[in-house]
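Read through the structure below, which is laid out as structure tokens, and then see the notes.
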Ligand code: ASP
């Protein structure tokens, strides 16, 4: 298990710092000009944005994370709250086109459908999520809109209709990167199934796309984007967004929009998770890490304990911010960075 390049578990220096978990090729992006902001009336809380680009995403995409962290930091600098900043960071990642979220969200196995999940939560109790949502460029905004309703989670067609009423739907064309990834997936998966003819049985038996199975051999791909933020008043927030895992049945929902699994925020911390959704939900990972931090464990240690719940070959990444500290960690590699304002 590899450590972040910069130390965690203490106050971050001001500026935007990239923290490639593999400590290698991704390289640090260095400090970006983010000027100090005034602390709020309650004082004493250092505004901070921590962003990740998905477990298993290449370190060459680190620039997208630093841009997103900077977007969140700019929002904090303008005096808006932690939730607004987390959403601004996720919007930047959804618009990037490389990450598996928003514009870059993976195509499902029919080569056509894009189903996305997103969630937001903060320490004041605001909570909203969407799952299996189509035709929306920024699912995180749909999740934010759900937080203003009497519900916390909307899915599928109902979520799409809700997003349309919020003027969030539109022509959502998959990015070039999503199409490239799809082509790679098809050829890899075809090879995989030739070599292991029984491996696809559950998917084949329950296949529920219009496109016949045999025409729909595709590859796996996954990734999620996320941000956790602390503002100058001490509010903590999390926002996440994903195109989900591939291969998957139509309607599959992973951990990302599920409270306590892919995300959690409360008075003591905000936690965002990425990786193998079907395994993450079984550990309620975000809530588990939150509870450890709540009982006094430093975030860096809580993340290490969280990763230790999984076999080392499972892709898992976690970022967290507490009242005073922050940390990020992944089992294999994950571009992430933090911006202190
Ligand atoms: N956790 C996401 C999901 O299972 C995928 C990922 O983060 O890689 O949908």
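Just so you know, glycine gets a Cβ as well, placed from its N, Cα and C.
TrEMBL labels come from automatic prediction, so no person has curated them.
Here is what TrEMBL says about this protein:
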type	residues	note
ACT_SITE	224	active site, nucleophile
BINDING	252, 253, 254, 255, 274, 275, 276, 277	substrate binding site
Coarse DSSP state, helix versus strand versus coil, of residue 277 (substrate binding site):
helix
Per DSSP, to which secondary structure element type does the residue listed as 'active site, nucleophile' belong, with helix, strand and coil as the options?
strand
Are any of the recorded positions 224, 252, 253 near ligand 1, with a Cβ under 6 Å from it, and if so which?
224
Quick one: give me the count of other CB atoms within 10 A of the CB of residue 254 (substrate binding site).
24
Provide the number of Cβ atoms within 10 Å of the Cβ of residue 274 (substrate binding site), excluding the reference atom itself.
32
Taking just the CA atoms, what is the gap between residue 274 (substrate binding site) and residue 224 (active site, nucleophile) in Å?
6
Tell me whether residue 253 (substrate binding site) sits in a helix, a strand or coil according to DSSP.
coil
Residue 253 (substrate binding site) to the residue listed as 'active site, nucleophile' - Cα separation in whole Å:
13
Round to the nearest Å and give the CA-to-CA distance linking residue 255 (substrate binding site) with the residue listed as 'active site, nucleophile'.
10
